[in-house]
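Enquirer: My questions will all concern the structure given below.
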Amino acid sequence: MMNIFLLSLTVLFVGGIFSLLSYRHFNVMKVGYVIITAVGCAIGIYAITIPLHGAVVPSFSRPWLHLFTLSFSLDALSAFFLIPIFVVCPLAALYSYHYMDKIEEKGRIGVSFFFFNLLLISMALVTAADNIISFLLVWELMSLSSFFLVIHDYQEEDTRRAGYIYFVFAQAGAMFIIAALALAYSQTGIHDFAAFATLPAHIKLIVFFLALVGFGSKAGIFPLHMWLPHAHPAAPCHISAIMSGVMIKMGIYGIIRLYVELEDTSLIIGQTVLTLGMISGILGVVYALGKQDIKKVLAYSSVENIGVILIGAGIGMMGMSTGNMVMASFGFAGCLLHVLNHSLFKTLLFLGAGAIVQKTGTRRLDELGGLIKRLPLTGKSFLAGSVSISGLPPFNGFISEFLIYYGAFHGLSLKGSAFLFAMLSILALAIIGGLAASCFTRMMGIIFLGEPRTAKAAKATEAGFTMTLPMIFLAASCLFIGLFPAPFVGIVFSALASIPALTPIDGAEVTLLAENLGLAARLFLAVLIFSTLLRKLLYRNKVVVQAPTWGCAFAQPSVKMQYTGTSYAMSIIAFFRPFIQIKTNYSGIKRIFPRKTTYKTEVDDIAEVCLIERIVTPLLYFLGKFRWIQHGHIQLYIAYIAVTIIVLLLCV
């Protein structure tokens with residue numbers, strides 16, 4: 001199966017090269033690219049079926065530069081993280097068929113398609129890398145290919161700035177990963193991950209926490225999340241969908257893989273991961289509530305969902321540390337299932353956002369409204385994604401979050417600090433769930449209900465077929481997993497059962513609970529459908545009176561007097577004022593009969609404010625004192641190099 005897996009990556013690479021060479025024949029390029037990418041992903045799905053069920057797949061090894069060996073292999077954990085890559089990415093490729101038509105320079109589209117497939121290939125190889133060198137090479141390839149996708153619209157200054165921010169965080173994270181893996185290699189002298197289990201206990205902790213910073217930067221863990229709200233608005237929407245729905249999960253994969261390879265069940269590891277998850281989950285959704293840019297809302301929502309995933313992982317790790325295998329079972333099951341679920345509904349929401357932005361020309365919530373009648377398929381699909389991400393039945397988000405809850409409740413039987421962390425995780429999940437529901441009722445209400453706030457919103461029409469079809473498929477997938485979760489929980493436990501460190505975990509109780517949850521979800525949906533039909537029947541011959549809502553005593557209220565995203569969320573945001581920074585711009589009422597007044601608020605990311613004001617700005621001021629060194633004289637530059645070499649030789 002390893003050969004078939006490599007064949008799928010080869011096909012994807014051919015698709016990327018094809019898009020580079022055929023951009024002059026635009027329609028041929030688009031059709032060929034989508035077909036080749038779909039075929040490559042289909043082959044990839046077939047390739048992971050055997051390792052996904054626990055079978056051993058021979059590894060692929062080749063010497064590189066006569067110094068190192070590139071080694072790749074597939075186990076069930078790798079195969080599980082490949083599912084979102086091979087399922088979601090071809091849908092994004094299909095979506096791009098019409099979405100990219102607005103770009104006048106067709107050559108740029110071919111370049112974008114090439115780097116898109118290169119990102120797919122690198123993510124797939126990240127999950128398959130079997131030693132340090134292989135992992136670092138493909139990890140860097142993933143970062144570089146995604147960087148070029150972020151700066152697709154490089155003519156825009158904001159896009160270039162977003163690219164720089166993403167690149168800095170990507171490379172800073174890579175430095176911590178390199179430090180962790182280099183430390184492990186210095187102790188073992190072996191490049192293979194399998195040797196990590198032999199490390200001394202204190203070295204294992206250092207390696208894990210160094211890598212946690214690096215992988216956390218890629219995953220978007222607070223406060224290492226700052227690149228997300230810059231990169232996602234800058235990138236095309238289908239790229240944002242893949243980066244948020246799939247790529248950031250590579251950070252989660254790195255954390256879980258390293259935990260497995262180290263075979264370290266120290267309680268401090270689980271508690272640290274759980275704490276980061278709670279902080280990321282709560283603050284991520286609070287910042288999402290305070291943003292006006294639809295893509296920034298979704299970016300911060302990704303921080304929140306990474307927090308939920310980490311809470312599940314932390315509960316699983318704590319269960320392993322304390323010998324509570326039921327807690328570990330539900331924690332890891334909820335964690336991995338939420339990885340899959342989030343890849344589906346977050347991709348759906350970003351694709352929906354792309355359709356909205358393309359048809360209205362704006363990303364600001366308060367410039368939208370009334371779109372459910374103008375973009376019905378997009379609106380209903382977006383509703384499915386909103387219900388899913390809010391963790392409500394009968395959609396998939398409810399199942400994975402319920403499993404994490406259940407694991408946390410089993411942790412209440414523990415003593416000491418483990419009991420405290422389990423209790424805090426339950427409280428954090430409840431807060432996150434309530435805030436997420438508020439966030440996405442705000443999104444749905446402001447974007448799709450009411451009246452259009454701008455002329456472009458009023459004239460918006462439904463997106464093209466190749467854009468709506470992926471959204472419909474993803475919405476149906478979210479519903480299907482919510483109604484029939486047991487098979488997917490079985491896939492999760494196939495991934496967990498293949499890991500020696502997690503073999504004590506028993507999936508029977510989790511699978512039984514998933515079956516019962518699926519039955520409850522199906523009954524809930526049946527009652528919902530019955531209630532809707534009954535209501536239509538009862539009101540069939542009734543006269544329904546339609547009237548405008550109260551206009552606050554204005555004789556001629558305008559659409560601007562509707563609820564805004566800010567007014568909807570301000571009471572919630574104000575509660576978290578100690579943890580956020582709110583900027584207000586209020587012109588005030590200056591006349592007895594005022595004609596115009598403005599009130600604007602913006603919620604700033606406190607982590608970003610602290611980084612810029614307390615670190616970056618003073619550092620730039622200090623470095624500015626040395627600008628005289630950069631004078632433009634090449635002779636002196638050569639002298640600098642010569643002096644540096646002499647000093648190094650003397651030191652040696």
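A Cβ is built for glycine as well, from the same backbone N, Cα and C atoms used for every other residue.
Automatic prediction, not curation, is the source of TrEMBL annotations.
Note that the structure is a prediction, hence the values are computed from the model and not measured.
Summarising the annotation, TrEMBL assigns transmembrane segment to 6-26, 33-56, 76-97, 132-151, 163-185, 205-228, 268-290, 297-318, 382-406, 418-450, 471-497, 517-534 (among others). Residues or ranges marked as domain 'NADH-Ubiquinone oxidoreductase (complex I) chain 5 N-terminal' by TrEMBL: 68-102. The domain 'NADH:quinone oxidoreductase/Mrp antiporter transmembrane' annotation in TrEMBL covers 129-413.
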Enquirer: Can you give the mean pLDDT for the domain 'NADH-Ubiquinone oxidoreductase (complex I) chain 5 N-terminal' (68-102), rounded to a whole number?
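Expert: Mean pLDDT for the domain 'NADH-Ubiquinone oxidoreductase (complex I) chain 5 N-terminal' (68-102): 88.
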Enquirer: Do any residues, 6 or more residues outside the transmembrane segment (382-406), come within under 8 Å Cβ-to-Cβ of it, and if so which ones?
Expert: 301, 305, 308, 311-312, 315, 330-331, 333-335, 337-338, 340-342, 344-346, 348-349, 352, 356, 426, 429, 433, 436-437, 439-441, 443-444, 447-448, 471, 474-475, 477-479, 481-483, 485, 489, 510, 513-514, 517-518, 520-522, 524-525, 528
Enquirer: Helix, strand, coil: count each for the residues of the domain 'NADH-Ubiquinone oxidoreductase (complex I) chain 5 N-terminal' (68-102), based on DSSP.
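Expert: Across the domain 'NADH-Ubiquinone oxidoreductase (complex I) chain 5 N-terminal' (68-102), the residues distribute as 27 helix, 5 strand, 3 coil.
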Enquirer: Examine the transmembrane segment (418-450) against the transmembrane segment (205-228) and state whether at least 3 Cβ pairs sit under 8 A, considering only residue pairs 6 or more apart.
Expert: no
Enquirer: Which residues, given as numbers and ranges, are at least 6 beyond the ends of the transmembrane segment (517-534) yet have a Cβ under 8 Å from it?
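Expert: Result: 393-394, 398-399, 402, 482-486.
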Enquirer: Below 8 Å between Cβ atoms, which of the listed ranges 6-26, 132-151, 205-228, 297-318, 471-497 makes the most pairs with the transmembrane segment (33-56)?
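Expert: Going through each listed stretch, the top one turns out to be 6-26.
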Enquirer: In the same chain, which residue numbers or ranges, 6 or more beyond the ends of the transmembrane segment (6-26), come under 8 angstroms Cβ to Cβ?
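Expert: Distal contacts: 32-33, 36-37, 39-44, 47, 60, 86, 106-107, 109-111, 113-118, 120-121, 124-125.
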